[in-house]
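Engineer: Shown below is the structure under consideration.
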Amino acid sequence: MTVFLVIIVLALLAVTGWQISKIFELSKKPDGDTSQVANDNDNRWNGILMLAFVIFLYVITIYCFWEYGRFYLPEAAAEHGSEYDNLMFISLGLIMFVQIITQGLLHYFAYKYKGKKTQKALFYADNDKLEFIWTIIPVITLAGLIIYGLFTWSDIMNINEEEDPLVIEIYAYQFDWRARYSGEDNTLGKANVRFIEGVNQLGVDESDSYGDDDKIVTELHLPVNRPVLFKFRSQDVLHSAYFPFFRAQMNVVPGMITQFGFTPTITTEEMRESEYMVDKVKSVNEERKERNEDLIAAGEPTLDPYEFDYFLLCNKICGQAHYNMQMKIIVESEEDYEAWLAEQPTFASTMEGSNQDQAPAAPSEDMETEEPQESEAVAVVDNEKN
Ligand SMILES: [Cu+2]
């Protein structure tokens with residue numbers, strides 16, 4: 001009730017203020033031009049402001065390119081990456097070229113032909129030839145861009161099963177990733193949220209023999225130049241698997257499996273040695289060094305030197321710790337990859353280990369069994385829905 005009264009009082013005060021301002025206006029002495037219609041002086045100012053605005057836009061655009069140009073990603077580290085980059089740069093280049101000219105002309109003409117008492121606007125009804133030209137040019141350009149985009153899209157999205165891609169499941173949950181390698185048979189075992197229990201964090205179906213040799217890991221290792229097919233699965237909410245260096249992104253949707261395939265072409269080591277990365281790492285470390293001086297002075301722990309690694313990020317705001325949802329990716333030679341994979345335990349051995357020692361909350365060596373509480377709650381809801 002008090003709130004209601006306060007609102008009424010505030011509204012009445014506002015009305016009073018408005019009425020008083022009107023009285024002041026009426027009591028003012030007439031000083032020449034009191035008309036509401038714009039005069040030559042108003043028009044001149046509007047013209048100048050129109051011109052100033054477009055100059056401001058161009059200056060700020062140039063500044064952004066100059067200042068933030070260094071934040072571009074380096075050369076794509078996947079086979080389809082150059083196609084993707086070309087499509088983006090051609091589309092952006094064309095749009096920017098047209099926009100700079102048309103926007104500039106629009107504002108310049110608004111300035112040049114600003115209203116004047118002595119000038120009268122020309123009545124110009126239509127011109128078929130002009131209309132034809134400004135319709136057909138955008139139609140051809142846009143159709144070209146769209147067709148080019150569609151071809152690029154189908155090139156990138158089509159997975160050639162004959163190339164025998166390495167099948168890896170990427171599993172998302174609040175707030176981390178797991179990768180499941182499909183093992184010797186290159187076939188993933190079935191999985192369902194219903195089977196999530198204890199160390200079986202991904203809900204792999206124990207009765208499906210394809211799953212026995214699957215390997216669940218917390219770090220993604222990829223052999224260079226071998227096609228990889230990723231199958232994405234989410235435990236709880238919508239996530240998005242984003243591999244910026246490989247120019248790949250795919251939604252990770254609860255209740256369905258999405259997929260994306262690419263072939264990594266640059267190993268982590270090669271990327272670290274590239275000119276772009278050497279410069280970047282140097283500049284990051286210089287910043288860290290400066291920061292460390294402050295931290296030492298404040299008696300706080302210092303930052304480690306930065307070293308480049310590829311990573312997989314979540315690109316959908318999926319909850320509180322979304323920003324922290326990332327997984328390291330290591331692209332390496334086939335031999336290094338095989339050696340690393342051989343060390344990882346299979347799903348069957350992990351389950352056997354956990355069945356043997358039935359100690360409460362027996363932690364397995366390779367997997368964290370602790371899960372954020374939210375994800376457990378969501379998994380239960382998901383079960384009920386199924
Ligand atoms: Cu996420």
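Backbone N, Cα and C define each Cβ position, glycine as well.
Whatever TrEMBL says is automated annotation, not expert-curated.
Below are the features listed in TrEMBL for this protein:
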type: COMPBIAS; residues: 346-358; note: compositional bias 'Polar residues'
type: COMPBIAS; residues: 365-374; note: compositional bias 'Acidic residues'
type: DOMAIN; residues: 65-160; note: domain 'Cytochrome oxidase subunit II transmembrane region profile'
type: DOMAIN; residues: 163-343; note: domain 'Cytochrome oxidase subunit II copper A binding'
type: TRANSMEM; residues: 45-66; note: transmembrane segment
type: TRANSMEM; residues: 87-111; note: transmembrane segment
type: TRANSMEM; residues: 131-151; note: transmembrane segment
Engineer: Quickly jot the same-chain residues contacting the transmembrane segment (87-111) by Cβ under 8 Å, restricted to those at least six beyond its ends, or write none.
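Structural biologist: Contacts with the transmembrane segment (87-111): 46-48, 50-51, 53-54, 57-58, 141, 145, 148-149, 152.
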Engineer: Summarise the domain 'Cytochrome oxidase subunit II transmembrane region profile' (65-160) by DSSP state, stating how many residues are helix, strand and coil.
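Structural biologist: When I sort the residues of the domain 'Cytochrome oxidase subunit II transmembrane region profile' (65-160) into the three classes, I find 69 helix, 1 strand, 26 coil.
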Engineer: Six or more residues out from either end of the transmembrane segment (45-66), which same-chain residues have a Cβ under 8 Å from its Cβ atoms?
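Structural biologist: Counting only partners 6 or more residues beyond its ends, the transmembrane segment (45-66) has Cβ contacts under 8 Å with 38, 100, 103-104, 106-108, 110-112, 114.
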Engineer: When the pLDDT values for the domain 'Cytochrome oxidase subunit II copper A binding' (163-343) are averaged, what is the result?
Structural biologist: 89
